[in-house]
Amino acid sequence: MSLALQLHRLAAAVLLLVALATAPAAAHAVLLSTVPADGGMLAAAPDELVLTFNEPVELLSAHLNGPDGGSAVPLASGAASTRLVLKAADLWGEGTRVLSWRVASGDGHPVAGTVLYSVGRASVVAPAGEDPSDPVARAGLWAARLVVHAGLFFGVGATFWAAAAGRRSRTAVVLPLAGLAALPLAFGLHGVDALGGGVALLASGHPWLAAAGTSFAAFAAIAAVALTHAVAAGRIGGRAAIVLAVAAVVASGLALAATGHAAAAEPRLVTRTALVVHGAALALWLGALPPLWTALRAPGPGGAHLLARFSALAPVAVAGLAVGGLALAAVQLTGPADLVATGYGRVLAVKLVLVAVLLAIAVVNRRRHTAPALAGDPAALRRLRRNVAAEIAIGLAVLAVVGLFRFTPPPRALAAAEAAPVAFHVHTLPVMADVEIAPGRAGPVRFEATLMTGDFGPLDPREVRIEATNAGAGIGPIRAALVRRDGRFVADGLLLPAPGRWALRLVVLIDDFHQESLDASFDLAP
């Protein structure tokens, strides 16, 4: 018993440290702007490359490909920030460069992209390479996470029910042990996926370090605490087992709230609380099924006692699942149409169908089979055991489907990307401008430009106007005069009616005798 209490105290300390050490996560990362601008033309190679995101990110990898087929590895300066500054030795002459980057967002998921720019003149585009993500590594990550989740919910829950009944259960030990065994593999493969490499990368230290820098590290730490509690509770029995089992159930909910799209969604207090409730309720419901199926195989007072306890607590677990799930769906979806129109929504729709079937079976069990089974009716016991087996299978299917959320950005992240402004820098020797177009999608936008001299000095032009052309859509030039406002030059309600690539000319009348034109291009989302 002293060992159990020591484990409990140690786990509580670990959970506290994780809670204190884990930085609050924001939404799925969205790239807001780059310097140089994507598609930009520069007079000289820049000393640094700057990527600006809507939330702090951690650089996982970056490659700069030059016009002669050579490449360099840019290095990030500073800690995790919304502004990622990369420095690389650019010794190439004139021509086009392609920067390929990969970062970890606050929700633990990798985000990747490329930035193309030219120095002096455009050349044959240097190859940026295909998405390096390995399907074998991703399949392995999905499978490893499925085993971890089975241990975390089926196993931890089984431990709770066994401890509550004062019994020792092999399932209550085997399933958490399986989850513990799969956890290091899931951790390593998470790092492999973050880096976009193959399974062979596991032999190096890189994926482990990459995973340690993401929110998945907090999940792994809390999950290890929950699973270790469950194993200890399943082995020792007695009152200490109940304490450890309850702590394991709570920790399973905390683990679910430590990483992932839902854990990173705003408002964090609501989403993380909903995840804790959802995870704990899931453990209580799914965890009861394996020991219940075993107990119904040999009818007796033990099985009747477990069935009565589960029947009394099941409505509470279902309520926790429903409240948590509905809260998370409301945060993640922008509307019912997302259930069909987005990959995330379709995964969620499949999950909801499976949960609905699971609930229907539970209702049938409760209303038609539980009372006769408690009275000892052999036929009712057989039907109930058959239905519990179906619930176990559907519960595993739910966990398998939930694992697909790892690879699908939620609609709220897609909406944030569409609403994000387009920002870029453009300059000539006499004049430079920082331009922002918000939102970054077709329709009415706010155009804003901050002007400086070529050596970063103040600039007070007589007049500033723009011309925007979308040759692919046959639109333009659209002309507008900018109004000076708070040191910037602005056009509100400028209508750019089509998505795709736009060519911009910013005309700056410096004085009565000098005019400068700055050319750039940018892309608008639909």
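Yeah, the Cβs are placed from backbone N, Cα and C, and that goes for glycine too.
Per TrEMBL, these features apply:
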- 1-29: signal peptide (SIGNAL)
- 28-119: domain 'CopC' (DOMAIN)
- 142-164: transmembrane segment (TRANSMEM)
- 171-189: transmembrane segment (TRANSMEM)
- 209-228: transmembrane segment (TRANSMEM)
- 240-263: transmembrane segment (TRANSMEM)
- 275-294: transmembrane segment (TRANSMEM)
- 305-404: domain 'Copper resistance protein D' (DOMAIN)
- 306-331: transmembrane segment (TRANSMEM)
- 343-364: transmembrane segment (TRANSMEM)
- 388-407: transmembrane segment (TRANSMEM)
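Broken down by DSSP into helix, strand and coil, the domain 'CopC' (28-119) contains 0 helix, 57 strand, 35 coil. Of the Cβ pairs linking the transmembrane segment (388-407) with the transmembrane segment (275-294) and spaced 6 or more residues apart, 3 or more are under 8 Å, so the two regions touch. Ranked by the number of CB pairs under 8 Å to the transmembrane segment (209-228), the listed stretches 142-164, 275-294, 306-331 are led by 142-164.
With helix defined as DSSP H, G or I and strand as E or B, the domain 'Copper resistance protein D' (305-404) counts 91 helix, 0 strand, 9 coil.
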